[in-house]
Amino acid sequence: MPIREIRHPLIRHKLGLMRRADISTKNFRELAQEVGALLTYEATADLTLESYDIQGWAGTVSVEKIAGKKITVVPILRAGIGMLDGVLSLIPGAKVSAVGVARNEETLQAHTYLEKLVPEIDERLAMIIDPMLATGSSMVATIDLLKKAGCKEIRAMVLVAAPEGIAAVERAHPDVMIYTASIDERLNEHGYIIPGLGDAGDKIFGTKQKDA
């Protein structure tokens with residue numbers, strides 16, 4: 001299964017705070033960034049390193065740097081923006097590619113309305129960010145788009161994932177690893193994750209919240 005649930009105590013604690021029904025926009029936004037940063041730490045743990053020499057205070061010293069492919073972070077609009085600053089706090093040199101995906105609330109199917117990909121994205125590691133992996137339709141559509149653009153290495157980071165969304169991504173793209181703070185119970189009849197976080201986009205941007 002292309003999924004890794006990160007059960008670090010800091011992540012569990014912060015995610016618990018995010019589940020509160022009365023959480024403020026400010027606190028939800030800050031926690032989304034913090035958990036996004038912690039997921040980034042785990043999702044980049046296997047990046048290749050190479051050694052090189054520098055002049056230190058006591059002479060020449062061998063140090064390491066990240067080698068291999070450069071990174072592009074791909075927030076799925078709009079909610080993915082809420083994790084972006086946290087991710088970039090750890091990989092500030094990454095380029096940002098934005099993908100806008102909207103979900104039909106009746107059919108629960110996704111359609112892409114915006115794509116702003118960095119040049120030569122086919123030579124980069126693409127790291128998709130989106131707070132919720134619910135039905136999986138938005139994630140699958142984004143991965144489809146990135147692969148069509150030539151991306152060969154793609155990872156995804158989500159705050160909360162539903163089993164239905166995980167299964168959808170696994171069926172369509174079994175080569176894509178998903179990192180999540182929590183695998184939740186299920187989707188409700190409206191396609192929202194239970195227990196979930198509610199509508200993450202609304203909570204990040206302070207717009208109308210839905211009870212889901």
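Cβ atoms here come from the backbone N, Cα and C positions, even for glycine.
Counting every protein chain shown, 27 other Cβ atoms lie within 10 Å of the Cβ of ASP130 (5-phospho-alpha-D-ribose 1-diphosphate binding site). Under the heading 5-phospho-alpha-D-ribose 1-diphosphate binding site, Swiss-Prot lists ARG78, ARG103, ASP130, PRO131, MET132, LEU133, ALA134, THR135, GLY136, SER137, SER138, ASP199.
Long-range Cβ contacts of ALA200 (uracil binding site) within its own chain (separation 6+, distance under 8 Å): PHE28, ALA32, ALA79, GLY82, PRO131, MET132, LEU159. Marked as uracil binding site by Swiss-Prot on the basis of sequence analysis: ILE193, GLY198, ASP199, ALA200.
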- Find the one among the binding-site residues ARG78, ALA134, GLY136, SER138 whose C-alpha lies closest to that of GLY198 (uracil binding site). ALA134
- Tell me, which binding-site residues from ARG78, ASP130, ALA134, GLY136, SER138 are within 10 Å of ILE193 (uracil binding site) if we use the C-alpha atoms? ALA134
- Query: Given SER138 (5-phospho-alpha-D-ribose 1-diphosphate binding site) and ASP199 (uracil binding site), what distance in Å do their CA atoms have, once rounded to a whole number?
  - Reply: 15
